[in-house]
Amino acid sequence: MFIDRAKIYVKAGDGGNGCVAFRREKFVPRGGPAGGDGGKGGDVIIEADENLDTLLDFHYKRHYYAERGEHGKGKNQKGKDGEDLIIKVPTGTLIFDAETGELIADLVSHGQRVVVARGGKGGRGNTHFATSTRQAPYFAEKGEKGEERWLYLELKLLADVGLVGLPNAGKSTLLSKISNANPEIAPYPFTTKTPNLGVVEREDITFTVADIPGLIEGAHENKGMGDEFLRHIERTLVLVFVIDAADLVTPPQKAYEILKKELYLYSPKLLEKPRIIAINKIDLPEAQERLPEIEKWLKNEGVPYVFISAKEGINIDKLLELMEKYVRERKESIPVVEVDKEIQETKEGRVETEEIPEVIREKDLWILKDKKTESLANKLDLYNPQAFSYFSNYIKRRGIIKLINRAKVKDGEKIKIGDYIFKYNAKTNSLEILE
């Protein structure tokens, strides 16, 4: 089954907690802190795979979790990093943030990958918090939470040539004649319900051809699921309009105008692509008597054309020569851009601009907006007196207390920092943690 859209949830691994431990060695009566750091949580990575052609798997499994980092251990042993989770998708998959609609990545090359959720950093062990005045720290950091988000996946086929036409124009028969594809073929409209891909092998060039399900008037408004299909030709280099010469209801010229109109209304850029008109089914008597009239119209149209019979194989080589010619020209005219295999860095972490801390009022609560301070608060057990003392010194050094004063926070008012609620003490110009 061909599925080209999916929604999934991804959760990166949490970082492991730092360890509180002390040296317990013979002949070392006063061993210092020896708590190891927690391991980093695994990232969630999406990777393009040219051997896949559908998003069907994501309709059966929607939730994906990377491994968490191990906790630190005594003797300064660092916890093991969590294993990254690699999710494979077909090449041509676009990844969107489901909440914001932001395009995260467009995976157009085999092996191309992007980090969609980053694992949390491991917490620091108590070794990091030893000072001349705090020689035996009884606290460590908890690991950071891994990122989590919902994603929309959308597949747009990567093909060099797109076959477009009204229902029952003979596109599937043509695809089966020129490529290795084996689409369903039947003498009635809408046999093709999903796009089919085929590979055409010529003497010194290989290119892909996509058979797009039949379009009807109103396709750009998703009539006959046209909107679902039209996006699959957005990436093609060349369009071949397959037109039934024997159709007595919709003459070739009218069929061509319908197709042009639907493509234009969906995206005017589609008509900027090179076009070839393939007049099909010329072996049928109904078509034979109309050929002079059709040829007269085509000469005035000024678009390359060829009369074919996909069923009987008539003039298929001529059509392939035209396809090859335009594919070559288009590929030569498009500058070669080296595609980054890694769209975002994986291990080093992202580069973030330094944010300016601020204190804002929301109803009866003040809230500190400062990622660094919020992150540190969430990593520490602030009900531990030593940890709270360390945090209090940190917010003074970072200028958070001065910021609170400038915001005119009154004595006894509550301030939220990370997951904790504090009360401001104006007399001591400090924060007191609430139970």
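Glycine too: its Cβ is placed from the backbone N, Cα and C atoms.
Sequence annotations record features per position, and here Swiss-Prot assigns GTP binding site to 165-172, 190-194, 211-214, 280-283, 309-311. For the recorded site, Gly165 (GTP binding site), the DSSP three-state label reads coil.
Annotation source Swiss-Prot lists Mg(2+) binding site at Ser172, Thr192, citing sequence analysis. Annotation note: Ser172 (Mg(2+) binding site) sits in a helical segment as assigned by DSSP.
Per Swiss-Prot, domain 'Obg' is recorded for 1-158, and the stated evidence type is sequence analysis.
Per Swiss-Prot, domain 'OBG-type G' is recorded for 159-328, and the stated evidence type is sequence analysis.
Feature annotation from Swiss-Prot assigns domain 'OCT' to 343-426. Secondary structure of the domain 'OCT' (343-426) per DSSP (helix as H, G, I; strand as E, B; remaining residues coil): 29 helix, 20 strand, 35 coil.
With every protein chain in view, the residue among the binding-site residues Lys171, Lys281 whose Cβ has the most Cβ partners within 10 Å turns out to be Lys171. Summarising the environment of Pro213 (GTP binding site), the number of other Cβ atoms within 10 Å of its Cβ, over all protein chains shown, is 23. Among the listed binding-site residues, namely Asn168, Ser172, Ser309, the Cβ with the most fellow Cβ atoms inside 10 Å is that of Ser172.
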